[in-house]
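A.B. asks: Here you go, one structure.
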Amino acid sequence: MGKIVPFNGVREDLRGRLACYKDDWTGGFNSTYRILAATAYIFFASALPVIAFGEQLGRDTEGVITAVQTLSSTTICGIIQAIVGGQPLLIVGVSEPTSLVYTFMYDFAKNRPEIGARFFLGWAAWVCVWSAFMLAALAILGACNFINRFTRVAGELFGLLIAVLFVQQAVKGAVNEFRISKFVNATEEQFQSSWRFGNGMFGLILTFGLLWTAIKSRNARSWNFGPGFFRRFIANYGVPILVIVWSAVSYARVGSVPAGIPRRLTSPNPWKSPIATTHWDVVADMNDIPGVYIAAAIVPALMIVILYYFDHCVSAQLAQQPEFNLRKPFSYHYDLLLLGFTVLLCGLLGLPPSHGVLPQSPMHTRALASLKKEATKELHINITSSDPGSPMNKVNFDPEKDVDPLLPVEVKEQRLSNLLQSLLVAACIGAMPALKKIPSSVLWGYFAYMAIESLPGNQFWGRICLLFSSSAKRYKALETTHPMFMHTVPFKVTATFTIFQLVYMICCYGITWIPIGGVLFPVLIMLLIPVRQFVLPRFFKREYLQQLDSAEYEEVAPLPQSLALKEAEAQGLSVGSDTSDDASLDHFATAARGEIKHPLPLPLHNHFGHSTNTHEDQL
């Protein structure tokens, strides 16, 4: 790294982004359909988790921070990022790690008589002040030049950790549907044991119903039925529609069911809540915080800086992956400087700060991506000229269904979708009375969906699945599109590397369960950088590390079964193969009745249009 020149990185980022600022807006207004689909998709992906985090913080902070505050923070920071931010594809919001840090901070503050719940927001504002100055200093001094050190190992491990936290929240929420909250009147009829069980079971139906249908709807483009426009509509707007549908299903009650079943969102009405006025006194409360606690605020501030520096940069990095083929320049330094400003603003307003979030940021870019017309046309020519039986020659060929999804993509790089989704989040604040009609169990299903939606493309997750699959079946991974390292790295090395990542991730996750001390979990995340640079090369060959930790997502075309078996044996991927009689019988038996299938030769047609070599001719 060369000489540090203050503001050099920020200046370069501004110069690059200002050159395309006008196109950021005109490009959005010229791509209305694609923008609207992505806006609706990312709005729900952003708003629903933020509401759920607000519900969680409302319980953990005894109502000091609620969904009104988390939505307000996400709105303000989202609008700022969309209008004056460097990378408009970056989605910002209140995250699960922020909720964890603020919960640890509240647990510390409430037991200190000098702070307590009364002055918690004033003390949290001092935490944000320290955090803002440190983030600004990092941006000014060019700390984002180290972004290349955030390799696939760190990014994918953190991404999977976020997915685990999403699943944890979904499971905890589903379990709590069977329990009594400490903030309710336990004598009400709905909290009797029989009704609690009914509420929990109905909640599971809503949770898994939304999860299953949402997963199916995202794959609507590959359905075999329905016209193309219908499948595209379901793929683009299906998840938001399903949230509404399952919320409507929750009202399908029979008999004298108590009004509180199923349970729904409990956030306060912003138009009637006294919290809406008390948060304006935060700056005045800062003067009442003793000096020793102002100094102590540096500790959680340092944890927030480490977390936000890593999470914000990695979110931007994953939203700008090479496979997205983005044309416009990056803006890491300037966005980090802007993050420092928004953290300060949120702290002074008594709001939990927002930052770049996973998996919403790469989901936003993916929602704006479309297959390049030139690539589709070129593929059509190449395949039809080389293989007359290819899907391209089918009458019902659909590029969105039959074309390889790894072809070059074209992303609508603009600011409109981010601005619109932020404005929709703002509308949620005023529409809180309507949002309280959504069952909480629907949110838990959406959390699980978000976790699953973040897994495709994560090589760490793919290697975990490979590691725990049957050794006799691993060769089947080579029969699909697969990563290059499966050909260049022995399976024992891959397994050892994956186990290291898995153990490290479990340690990061375990720290979050430690009371008070759990605020230190961002340190373990940042330690991945020196571990990757200096520790892993001592245990793995550099060429193997380069393959397993490659920045590019290189994939290989599927292999036929014979070659897949040979390659799997050569790499130590499989120990034998499942060629038993039962396996062969399963291959030839129908799924429904177990009858033996009798494959017939494909009928051939002569130039007169008559069939030859058919089963009837053989008889």
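Just so you know, glycine gets a Cβ as well, placed from its N, Cα and C.
For reference, TrEMBL lists these features for the protein:
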- 6-186: domain 'Bicarbonate transporter-like transmembrane' (DOMAIN)
- 35-54: transmembrane segment (TRANSMEM)
- 115-141: transmembrane segment (TRANSMEM)
- 153-175: transmembrane segment (TRANSMEM)
- 195-214: transmembrane segment (TRANSMEM)
- 201-375: domain 'Bicarbonate transporter-like transmembrane' (DOMAIN)
- 234-254: transmembrane segment (TRANSMEM)
- 291-310: transmembrane segment (TRANSMEM)
- 331-351: transmembrane segment (TRANSMEM)
- 409-551: domain 'Bicarbonate transporter-like transmembrane' (DOMAIN)
- 520-540: transmembrane segment (TRANSMEM)
- 600-619: region 'Disordered' (REGION)
A.B. asks: Residues of the same chain, at least six outside the transmembrane segment (331-351), with any C-beta under 8 angstroms of its C-beta?
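C.D. replies: Apart from its flanks, the transmembrane segment (331-351) reaches 9-10, 12-14, 16-17, 69-70, 72-73, 76-77, 80-81, 84-87, 90, 92, 121, 124-129, 131-136, 138-140, 142-144, 147, 278-280, 282-283, 304, 308-309, 312-313, 316.
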A.B. asks: So if I exclude everything within five residues of the ends of the transmembrane segment (153-175), which remaining residues of that chain have a CB under 8 angstroms from its CBs? That is, six or more out.
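C.D. replies: 49, 52, 56, 95-97, 200, 203-204, 207, 310-311, 314, 317-318, 358-359, 440-441, 443-445, 447-448, 450-452, 454-455, 458-461, 501, 504-505, 508-509, 512, 525, 528-529, 532, 536, 548-549.
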A.B. asks: Looking only at the domain 'Bicarbonate transporter-like transmembrane' (409-551), what are its DSSP counts of helix, strand and coil residues?
C.D. replies: 102 helix, 6 strand, 35 coil
